[in-house]
Amino acid sequence: FTCFTTPSDTSETCPDGQNICYEKRWNSHQGVEIKGCVASCPEFESRFRYLLCCRIDNCNK
């Protein structure tokens, strides 16, 4: 299973058990964006502008 990760923003193989890709962005002036692999989707927080969780290779591009 592969997902895009930050800070490199390249597709990488996820560790065993982490079969969800995610992307989240903050409500900040800089528009910080984090991408990677997780075992379960993080909970949405009010400081997030955007949260995506998906189960298809590289779906968080």
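The backbone N, Cα and C atoms fix where each Cβ goes, glycine too.
Copied from Swiss-Prot, the annotated features are:
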type	residues	note
DISULFID	C3-C21	disulfide bond
DISULFID	C14-C37	disulfide bond
DISULFID	C41-C53	disulfide bond
DISULFID	C54-C59	disulfide bond
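The disulfide-bonded residues recorded for this entry are C3, C21, C59, and the Cα of C21 lies nearest to that of C53 (disulfide bond). With the fewest other Cβ atoms inside 10 Å of its Cβ, the least crowded of the disulfide-bonded residues C21, C54 in this structure is C54. A distance of 8 Å separates the Cα atom of C41 (disulfide bond) from that of C21 (disulfide bond). Cβ neighbours of C3 (disulfide bond) (same chain, under 8 Å, six or more residues apart in sequence): S11, E12, C14, C21, Y22, K35, G36, C37, D57, N58, C59, N60. Annotation note: C59 (disulfide bond) sits in a coil segment as assigned by DSSP.
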